[in-house]
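Before any comments, here is the structure.
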4 protein chains.
Amino acid sequence: MDSADLLVRTLGECRISSPLGGLVTRRGTTEHYVDETDRVLLDDTLALLAGRTGEPPSFEPGGPRRQIFFDPSKIRVGIVTCGGLCPGLNDVIRGLVLELNSHYGVRRIVGFRNGYRGLVARHGHDVVELTPFVVDHINEHGGTILGTSRGNQDPAEIVDCLDQLGVNILFVIGGDGSMRGAQRIAEEVSLRDRRIAVVGVPKTIDNDIPFIGHSFGFQTAFGKATESIRAAHTEATAQPGGIGLVQLMGRHSGFIACYAALANNDADYVLIPEVPADVEAFLPHLRRRVRERGHALVVVAEGAGQDYLAADGTDASGNKRLGDFGVYLRRRILDDFAAAGEEANLKYIDPSYVIRSVPANPYDSVYCLRLAQAAVHAAMAGRTEMVVGTWRNRFVHVPIPLAVATRNQVDPNGDLWMSVLEATGQPAEFTELPHRAAA
Amino acid sequence: MDSADLLVRTLGECRISSPLGGLVTRRGTTEHYVDETDRVLLDDTLALLAGRTGEPPSFEPGGPRRQIFFDPSKIRVGIVTCGGLCPGLNDVIRGLVLELNSHYGVRRIVGFRNGYRGLVARHGHDVVELTPFVVDHINEHGGTILGTSRGNQDPAEIVDCLDQLGVNILFVIGGDGSMRGAQRIAEEVSLRDRRIAVVGVPKTIDNDIPFIGHSFGFQTAFGKATESIRAAHTEATAQPGGIGLVQLMGRHSGFIACYAALANNDADYVLIPEVPADVEAFLPHLRRRVRERGHALVVVAEGAGQDYLAADGTDASGNKRLGDFGVYLRRRILDDFAAAGEEANLKYIDPSYVIRSVPANPYDSVYCLRLAQAAVHAAMAGRTEMVVGTWRNRFVHVPIPLAVATRNQVDPNGDLWMSVLEATGQPAEFTELPHRAAA
Amino acid sequence: MDSADLLVRTLGECRISSPLGGLVTRRGTTEHYVDETDRVLLDDTLALLAGRTGEPPSFEPGGPRRQIFFDPSKIRVGIVTCGGLCPGLNDVIRGLVLELNSHYGVRRIVGFRNGYRGLVARHGHDVVELTPFVVDHINEHGGTILGTSRGNQDPAEIVDCLDQLGVNILFVIGGDGSMRGAQRIAEEVSLRDRRIAVVGVPKTIDNDIPFIGHSFGFQTAFGKATESIRAAHTEATAQPGGIGLVQLMGRHSGFIACYAALANNDADYVLIPEVPADVEAFLPHLRRRVRERGHALVVVAEGAGQDYLAADGTDASGNKRLGDFGVYLRRRILDDFAAAGEEANLKYIDPSYVIRSVPANPYDSVYCLRLAQAAVHAAMAGRTEMVVGTWRNRFVHVPIPLAVATRNQVDPNGDLWMSVLEATGQPAEFTELPHRAAA
Amino acid sequence: MDSADLLVRTLGECRISSPLGGLVTRRGTTEHYVDETDRVLLDDTLALLAGRTGEPPSFEPGGPRRQIFFDPSKIRVGIVTCGGLCPGLNDVIRGLVLELNSHYGVRRIVGFRNGYRGLVARHGHDVVELTPFVVDHINEHGGTILGTSRGNQDPAEIVDCLDQLGVNILFVIGGDGSMRGAQRIAEEVSLRDRRIAVVGVPKTIDNDIPFIGHSFGFQTAFGKATESIRAAHTEATAQPGGIGLVQLMGRHSGFIACYAALANNDADYVLIPEVPADVEAFLPHLRRRVRERGHALVVVAEGAGQDYLAADGTDASGNKRLGDFGVYLRRRILDDFAAAGEEANLKYIDPSYVIRSVPANPYDSVYCLRLAQAAVHAAMAGRTEMVVGTWRNRFVHVPIPLAVATRNQVDPNGDLWMSVLEATGQPAEFTELPHRAAA
């Protein structure tokens, strides 16, 4: 099923568009409101438009509505952050609080501690009152002031908690697993016929959530990763037989590796999960490159070359736990150079968590704020079971099922990967492209 | 005339699409080429699509072509940078050289010194041979290794120079004035029936060139500007009666002021050229804010409030030379507080050139590289009289007349300005929106 | 009177060395205590040592004492920040709180708001309870969480306030004026025979407080200033006739200008208050430099060339209010080039408050923490009327009268200025050295 | 033998003070020269001064001499960088070239490639002509433009090379091993009775070279390391059972770990080579800390806890090759928490080479420039077999044998370690201090 079909079917099934109605008419100082009939097209290629009957697939745009559902003076709002850290979490929290408080006049906002655990009574976490004073300056820090944890909790217990606290809107900032959890919470809310909106702000350091343009914190993360690439390049070029090997985050998607490599434009090789690597072809090519130029720079995503790890017994347990390709490759390179009697000064750098725990850069700060504004507008207008994203430079509402249906990956036939191939000059011999394999 | 009409008319008149033909068939290692019939729609709103007959207005997408016009082993390429500095100039130069050299195998690339002056014999500037070695590391520096200057030169003298040097492709990196110059060069080339492609990479620190998505270096520039806003906020909050006043670049467009203010989300007021400011209404509001909160933060674009400068006699010379609104406003604020007998500790900060002379941040570095790749693909495929840009996340070819036809500005009724109004909470009383004035 | 005489006489007159006695014997986990007889020599040149009778002048070293005066479980401590901002203020506050709380077990610590105003009842500022939780993260921010203000207040009112709150130790973080205020407070305390220790941590962005080695925040400040110099250099080298002119803080001392210029090592001229400038000799030299090299870079401290400002009528008011030399010089340079008919593209940059409101860099953070530790040790051991500093790489106790007796300035015959002259190559013709003038 | 004896004996034996004589009298524009009889005392404690007969041990101060040995217009100078990378290498190279060229007028300067290998003919490395143009901007990059390598080469072959090229001064920038190599080169020069000065600029990322105050690049390195500590702290505080574990460079000296930990002042434990760690006592303490506060932060130098690695069989080979203590400790912590049934979310970060391959920060840039100036002054004045350093804030000449005689380490009874103990609050139970063990 292609993206358009997926979108059409999902939109037909979900509760996103104003299920709670619009009860309150706003009288603001501004006359700028989103028209309820406005739409953002999924795809604008002429072919697609020509071949379809009926309206083309589209998203509901984000932004303020004239009719809102919740009375700001009455409601209580909850915020929770889940999963691994990502630059911008505190910007989103601050943006939600300031938009709710200053723009809508909502005074009662609470934060749940340590992810979904904070919404389950038996874990015993206190909630945090969130005021403009409390969130002042937090955007200058990495991490999340609410704490986080991995894993979902029983939706029934969570809705019990929301009931008990009288929460009318729950904002969930988290990854695809957390969004599935949010979906189940919304379903439990619906079963109980409660009027609680569940709105997500999707978080992924790997930029692998589909239908949301790009994810917040991604620019910050790959920007920080470029420091490791620069360091490895500096080391490699300074010594005879210098080889820089950098491993970056990216279990299933190589976006960080691709963008970070392009930023410096010094990498000779980029290996990502989406394009199978042929290590046996890579090694002699690397040796030749080092002989000819005196040095080489290799950037790998942690999820690349997983076949080798399995074949090598490194991770033969059958489960989907990934091994570090970088560590494997380091050993293979050193062995290969040693066997060939050639000098190798290999410097291995893995910045690991440093790229995800930094504060957001200014671009991501703006983006987080605007995502938060869009999320508040959506929730206040009664939207639920949705996440906010951008599509073709507009903020949109994306149904949760759509946001978790697939995984955004680097297209081996797309513009980004072509830019990488042109920039590195790495040959196709040791990266077997899917469409070639099919031939 | 709206954008769509402008695009349709301009495309009908210009030489952009393969006027030089496609003579060489490439046999690359990759099979990824752009289909000659592919298009990127200008607008994808349903209303626009419904209301038009014929094909909707669209751009030609960027990217490699299977048929190219120039034989890489034979040609000579020239590069020139014009106008004020902008983060990323060296990234673009480096990207052009590496793409030409490593990907296409072009060996003869020259750089002209100090803008168009370098293309005019009587200025006596030597040309610079540009090799991968020469451009190594230059992306880590601000400015341009080629030097720059303002103003255009006689197109005839320039084409004489190109003829003499045997230059087949000229890349111009510059602003709207320089693009008009490039247009005239291309016209002179056409008059003489030469086969010289003129391709631009549009540069503007203010993000005010239309039809190119956003301009390279813009993120770096507003990111750097946030430091001044943070400093002013820190100063303002540390002292009784603290007022931070920051003036940022932006003669006709307030993008830098808007984005930089949103990034910190601490500004109480943002004043931009696009939205007339009522200083008489602003001053008492500012005093009230300082009384109530103890401090305030004001961000102005240099081109805001120009009516006041003229009325005030500061710039009564009749010509379009803009005065500094920030300096004017500083005096007005201090006078106003003094007259009211209220304490004012005003700190004025103008980062001026610091935000434009820094190296590109990683995002802009990637963007510059990919713009350079697209520019090289376009030129090698024989396109001319065009600039590269992005539209709806795809790289596109934009005819020069289109890129200089209007000015990109912050839409007072658009999403960005609404985000600013929501974030600052500044009232409409002292910013008179055009559509309200019309009522 | 030279430094040694000043030190000997001042030490003989002041209350610094344990006037409050040592009542409590500590039983710590560590056996590292400073010996009460240990001293740090003021000067170690052989000549000085040889020429003196009696003990050579020396400072009391900082550090923990076995005998302390105050019982940590009983006392209350106050902290106040005064004067202009400086990188590291929050580090010092945090360091004081953590050292008092975690190391000594002092639980009652209050912060006074907005400088000495916060110690005077009629200004109506509440005090802030300072706990480890409150000071968490504050070191990552510029400014001071306590706020600040300029000017001293009536010592009697201040000691009334200390009495009323039961404060036993007052830490003052401020400049020379604030230290004079601290001195008067200590004298009032002594008159009333109270047992209140007054200990200062000297703050000056200009590094101009004598006898304290260097001041905290100075490295951060000049480091930030280098960005403006780099920007000006980038601008100047990019354009024909390019002149970069940077004005930096430094009303009476040129340390920031000297260090920032040395860091980039691109400046052609550095003009500081300590070395009178001959603008008439400077201008033709500058024009020659621009003609020969195509560009030039000038760094000035704001307090340089004040004679010209007076002579020029810019600041003829007789009082000591300084004018901006940079603005004056900009006009002179432009006029001079215009008169000579030579092209000048002058870019003027003044980073102003940006260099002082940033967070401390890691070095200054360490230094601030260790100054705070030394200040706490001193106060707990009953020292008063003193500030902490470093001398020959050891932390020392400096009597307040000594710290405010003179001003630390760049020695025109010293190593630093010689480094600047060698690095810039600027001739002595237009900087008239004092010892030459005397000849 | 204590430091003073070592200094006295070494000075008596070495060739440092003007062995080549002073033949040329300079007529500069400045009258600032170092007096040949000036000295900088090694130690200024009263006790030491009192207890000695004769002149107290002292260094020769650095700086320009009126009488110099080499005629700038005649000589050729060589520069070589050896050993691992360190921030500031390019600043030193640039400083040497600019000081030689602009201040003394030396025109013939060559750089040797890839360390001492570049001085041995059979390795076949070309030399690089070093001009002001070549070294422009290099200070903005990490690494060394000359390349480097480890290990010494045959002194006879090296002096053959110097002879052949007519090199009169050789500047060696390298670590203690490279300085021993420089010593042997100087001895060979002396044997052959050549007039070649060999002057070193000592380089060590670990700050472990004695008698030179502190080493260039150290502040940059520990400053960069603080980012990893901040990241680990952010991760640890964001999750239940959060433990941040950071391993930093420092095989024999814990300076980087100590300073980086103090800069953030968030570490709960700092483990360094100089203070033996008792892991069995540490683990239960860590578990208690995590239980009580919810998180903990541990900083280790790579060379800490080597006894455990040996005992553990990790590095039982008998040679002095160190294992990674961080990796060992990670496993021990995870096992310990698992055995205790307590939740541990451990994040391990090792920035490795990133902290040493970055460009120098502004402070280090100034320091490198001034070291380079001092080295040039020394060499031009005919000094040899020496390195430049600072002692009590003055630049000094240190005989090579002294600089390689011992290793600078964190004193377990000194101020720095006491600051760390006070800041972390870590108990003495699991760090057994030498002087306590002796009791």
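Cβ from N, Cα, C; glycine included.
Per TrEMBL, these features apply:
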ACT_SITE  B:Asp206  active site, proton acceptor
BINDING   B:Gly84, B:Arg150, B:Gly151, B:Gly175, B:Asp176, B:Gly177, B:Ser178  ATP binding site
BINDING   B:Asp176  Mg(2+) binding site
BINDING   B:Thr204, B:Ile205, B:Asp206, B:Met249, B:Gly250, B:Arg251, B:Glu302, B:Tyr353, B:Val354, B:Ile355, B:Arg356  substrate binding site
DOMAIN    B:76-378  domain 'Phosphofructokinase'
SITE      B:Gly177  site 'Important for substrate specificity'
Subject >> recorded positions: B:Asp176, B:Asp206, B:Glu302 - member with fewest neighbouring CB atoms within 10 Å >> reply: B:Asp176
Original post:
Looking at the binding-site residues B:Asp176, B:Ser178, B:Val354, which ones have a CB within reach of chain C, meaning under 8 Å Cβ to CB?
Top reply: B:Val354
**OP:** State, in Å as a whole number, the widest CA to CA span among the substrate-binding residues B:Thr204, B:Ile205, B:Asp206, B:Met249, B:Gly250, B:Arg251, B:Glu302, B:Tyr353, B:Val354, B:Ile355, B:Arg356 given in the record.
**Re:** 16
**OP:** Starting from the Cβ of B:Val354 (substrate binding site), draw a 10 Å sphere and report how many other Cβ atoms land inside it.
**Re:** 26
Original post:
How big is the gap, in Å, between the Cα of B:Asp176 (ATP binding site) and that of B:Asp206 (active site, proton acceptor), rounded to a whole number?
Top reply: 11
Original post:
Highest CB neighbour count within 10 A among the binding-site residues B:Gly151, B:Gly175, B:Gly177?
Top reply: B:Gly175
Original post:
Which of these binding-site residues has the least crowded Cβ, counting other Cβ atoms within 10 Å: B:Gly84, B:Gly250?
Top reply: B:Gly84
**OP:** Can you check which residues sit near B:Ser178 (ATP binding site), meaning Cβ under 8 Å from its Cβ, same chain, 6 or more apart in sequence, and list them in order?
**Re:** B:Cys82, B:Gly83, B:Gly115, B:Tyr116, B:Asn152, B:Val172, B:Gly200, B:Lys203
Subject >> Minimum Cα separation from B:Thr204 (substrate binding site), reported as the residue among binding-site residues B:Arg150, B:Gly151, B:Gly175, B:Gly177 that achieves it >> reply: B:Gly175
Original post:
How many Å lie between the Cα of B:Gly250 (substrate binding site) and the Cα of B:Asp206 (active site, proton acceptor)?
Top reply: 6
Original post:
When the Cα of B:Glu302 (substrate binding site) is compared with the Cα of each of the recorded positions B:Gly84, B:Gly151, B:Gly175, B:Gly177, B:Asp206, which one is closest?
Top reply: B:Asp206
Original post:
On the Cα atoms of B:Gly84, B:Arg150, B:Gly151, B:Gly175, B:Asp176, B:Gly177, B:Ser178, which are listed as binding ATP, what is the maximum pairwise distance in Å?
Top reply: 11
Original post:
Among the binding-site residues B:Arg150, B:Arg356, whose Cβ has the fewest other Cβ atoms within 10 Å?
Top reply: B:Arg150
**OP:** Please state whether DSSP places B:Ser178 (ATP binding site) in a helix, a strand or coil.
**Re:** helix
Subject >> Rounded inter-Cα distance in Å - B:Gly151 (ATP binding site), B:Asp206 (active site, proton acceptor) >> reply: 18
**OP:** Taking only the Cα atoms, work out how far the residue listed as 'active site, proton acceptor' lies from B:Arg356 (substrate binding site), in Å, as a whole number.
**Re:** 10
**OP:** Measuring CA to CA, name the entry from the binding-site residues B:Gly84, B:Arg150, B:Gly175, B:Gly177 that ends up nearest B:Arg356 (substrate binding site).
**Re:** B:Gly84
**OP:** Have a look around B:Thr204 (substrate binding site) and count the other CB atoms within 10 A of its CB, chains all included.
**Re:** 25
Original post:
In the same chain, which residues outside the set B:Gly84, B:Arg150, B:Gly151, B:Gly175, B:Asp176, B:Gly177, B:Ser178 have their CB within 8 A of the centroid of the CB atoms that define the ATP site?
Top reply: B:Cys82, B:Gly83, B:Asn152, B:Gly174, B:Gly181
